[in-house]
Amino acid sequence: MPRRRQMAGSGSDGTEDSDSSAEREPTNSSESDGNMPKRQRLTRASTRLSQSSQVFTLYICLSCLINMMVLLLSDTPDLKRVADHDESPPLTPTGNAPSSESELDISSPNASHDESQAKDQSNRDSDKDLSHRPKRRRCHETYNFNMKCPTPGCNSLGHLTGKHERHFAVSGCPLYHNLSADECKTPTSKQSRYKEQVVEMRKGRNSSLQKEQKEKHMEHRQTHSNTREPLLENITSDYDLELFRKAQARASEDLEKLRIQGQITEGSNMIKTILFGRYELDTWYHSPYPEEYARLGRLYVCEFCLKYMKSQTILRRHMAKCVWKHPPGDEVYRKGTISVFEVDGKKNKIYCQNLCLLAKLFLDHKTLYYDVEPFLFYVMTEADNTGCHLVGYFSKEKNSFLNYNVSCILTMPQYMRQGFGKMLIDFSYLLSKVEEKVGSPERPLSDLGLISYRSYWKEVLLRYMYNFQGKEISIKEISQETAVNPVDIVSTLQSLQMLKYWKGKHLVLKRQDLIDEWKAKEIKRGNSNKTIDPSSLKWTPPKGT
């Protein structure tokens, strides 16, 4: 019984056991054996204390020895750790909790000591339940020396930063970045010297321009404007300026090679295609877009505001923010899905300039680009649930001394050969009728424009002949009725062989075969919506015209 009490009062540590036994012995002397003298009890306590001291000294020596072995066997320089002597989980050389018993044996000298004490405790107190002790937590998601870089063919040696000898992730793998371990190491002495030279050369420039230099730069800019390159001296270091000149020379050499091969010619159309709405259009002629856009092979144009952009990403972002769904200005005509907007070049200058630049891609003789203020633009659109899409347009001068009712006319390529060109022409003559004027298109006409106008004039004359019931016909009366210039009427009659000169007079022949042919086409065409209805026009002539 006395021995059982003594073991129950013992702690896991030798020093605690000796102290507690020494303190408890006097109090429990009545319960102990009466023949055991006090000196013998003190001798036994001192013996246990010396044994625990020897165990603790052996533990310290074993810890130092294992730490030295870990440092010698480790592969990375940052593994110089000293084992903690607290009750926290023992760490592996990688700095994490052990994931296996083998790691515990190598990196934690506390483990063997704890296990020996636990075994001794179980022998001394076999009937005591030690299940209340908290178990140590072990992390299984750890790095260890068995891990390798996931990059195929990589041996995990080297690091992208050049500061470590091993790596375990793709982000630090030199092979993944198409480099070798040696290339990732610190720069060579030659590279370091070159870097120092560059730094010294860049320090040589002045931090700011002198007053005389500033005046020289301003004078050069005012004299040559954008026709000359700005002065670059003293703006940057000589080293950087030399690099820039070399890049310029290399780019110009490449362009010269392309010109020699015939891929680029001076004044040729650099813009080959444009992305316009849901259509990709091939361009026909050169348009004076800014140089930074003109050198691109493809241009991206918003179909509503006609702003031009360099890439589809910019166009997509613009379309997400663009609030335009129809041309600016006043809607002067609407029938069904067809609308016509009157846009003043003075009020909406940017839109009209962009419209002219767009039209030049498909017109040969157009010369109006930027001086749009004296003109009115009539833009025809076709509406759907996404907005009013550009079909074509024509422009006319606000004050034309020669009574031109059209200065420039265009039908977009995706709407050609569908009757929209004649609708634009018919609308221009409808405006002339409201103004009570005789109109004519401005010359020279493009090839397609001339074909469209001759077809329209022919249709107008044959319709007039079909509806005419009198005996004598006058070109003047035809002109007043149709608002077509007499010169255009005469040229059309001559092309139809309906104008003859007889006995000093010009006679107009009524060719019934042509009229019947035209009438048959009209019947076959039926009630087409590709005609202008005068009753749908809501327009008054602008003041001053």
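Residue numbering: from 1, along the chain as shown.
Using N, Cα and C of the backbone, Cβ positions are placed for all residues, glycine too.
Some features that TrEMBL has for this protein:
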{"type": "REGION", "residues": "1-49", "note": "region 'Disordered'"}
{"type": "TRANSMEM", "residues": "56-74", "note": "transmembrane segment"}
{"type": "REGION", "residues": "83-137", "note": "region 'Disordered'"}
{"type": "COMPBIAS", "residues": "93-111", "note": "compositional bias 'Polar residues'"}
{"type": "COMPBIAS", "residues": "112-132", "note": "compositional bias 'Basic and acidic residues'"}
{"type": "REGION", "residues": "185-226", "note": "region 'Disordered'"}
{"type": "COMPBIAS", "residues": "193-203", "note": "compositional bias 'Basic and acidic residues'"}
{"type": "COMPBIAS", "residues": "211-226", "note": "compositional bias 'Basic and acidic residues'"}
{"type": "DOMAIN", "residues": "266-541", "note": "domain 'MYST-type HAT'"}
{"type": "ACT_SITE", "residues": "GLU442", "note": "active site, proton donor/acceptor"}
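Across the compositional bias 'Basic and acidic residues' (211-226), the DSSP tally of helix, strand and coil residues reads 14 helix, 0 strand, 2 coil. For the compositional bias 'Basic and acidic residues' (193-203), the DSSP counts in helix, strand and coil order read 11 helix, 0 strand, 0 coil. All protein chains considered, the CB of GLU442 (active site, proton donor/acceptor) has 17 other CB atoms within 10 Å.
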